[in-house]
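All remarks here apply to the structure that follows.
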Amino acid sequence: MTFISSILSWFSSIFFSKAAEISVVGLQSSGKTSFVNVIGSGQWSEDVVPTIAFNYRKVRKGAVTLKIWDVAGQPKFRSMWERYCNGVDALVFVVDSADQEKFDTACFELHQLLAQPNLTGVPLLVLGNKNDIPSHASVKDLIRDLQLDKIQDRPVSCYSCSMKSQHNLDIVLRWLSDRSH
Ligand SMILES: Nc1nc2c(ncn2[C@@H]2O[C@H](COP(=O)(O)OP(=O)(O)OP(=O)(O)O)[C@@H](O)[C@H]2O)c(=O)[nH]1
Ligand SMILES: [Mg+2]
């Protein structure tokens, strides 16, 4: 039975495969590369280095292939975000939800990006990462502090999650898979 179902899922992955291209942006050290590593390999590792410019990675999840642009978050790289967001199926904005001092900057950078005319309508997923740290902000706080309720030109979702404990990754993956076509 397991054999038959694995053959069936192999066939369906070939004949019904879908893809979504996504860009992952956000301030430095928010956990973008950790996110891509965790969904790519299923494993958490502390061993990450700050991204220089960007990484591109393809991740296969069942019948869905995610093509992911993991863009660097240090100030000197932020002007590149728009270029790597152009034409994607979804934007993922990662926030370190335990670093509330950076929320103003995150809010500014997010809204500056969303104001780019060629990104109008692209669905946005905001991830409040690092919720394993006790002082993290809730989804409600993130909606207020990042002014997510002011965004009216696209679908917006916001989840609290942790790459370290892999909390809520299942809903995040479902959201991303739903953007595939
Ligand atoms: N506690 C905790 N730490 C995390 C989590 N996710 C990432 N980190 C840590 O946060 C730091 C930065 O993670 P990165 O994934 O490199 O962050 P980034 O957003 O890719 O940073 P840049 O590439 O510089 O833009 C690393 O020390 C990670 O181990 C998490 O869920 N919980
Ligand atoms: Mg990175």
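Placed from the backbone N, Cα and C atoms, the Cβ positions cover glycine too.
In TrEMBL, annotation is done automatically, which means it is predicted and not curated.
The model shown is predicted, which means the values in this text are computed figures rather than measured ones.
TrEMBL annotations:
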type	residues	note
SIGNAL	1-19	signal peptide
BINDING	Gly26, Leu27, Gln28, Ser29, Ser30, Gly31, Lys32, Thr33, Gly73, Asn129, Lys130, Asn131, Asp132	GTP binding site
BINDING	Thr33, Thr51	Mg(2+) binding site
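This view paints the features noted in TrEMBL onto the structure.
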residue : record              : Cβ within 10 Å
Gly26   : GTP binding site    : 27
Gln28   : GTP binding site    : 16
Ser30   : GTP binding site    : 24
Lys32   : GTP binding site    : 30
Thr33   : Mg(2+) binding site : 22
Thr51   : Mg(2+) binding site : 18
Gly73   : GTP binding site    : 24
Lys130  : GTP binding site    : 25
Asp132  : GTP binding site    : 14
Please report how many Å separate the Cα atom of Lys32 (GTP binding site) from that of Thr51 (Mg(2+) binding site), as a whole number.
9
What's the CA to CA span in angstrom from Lys130 (GTP binding site) over to Thr33 (Mg(2+) binding site)?
13
Those binding-site residues in Ser30, Thr33, Thr51 whose CB falls under 6 A of ligand 2, listed in sequence order
Thr33, Thr51
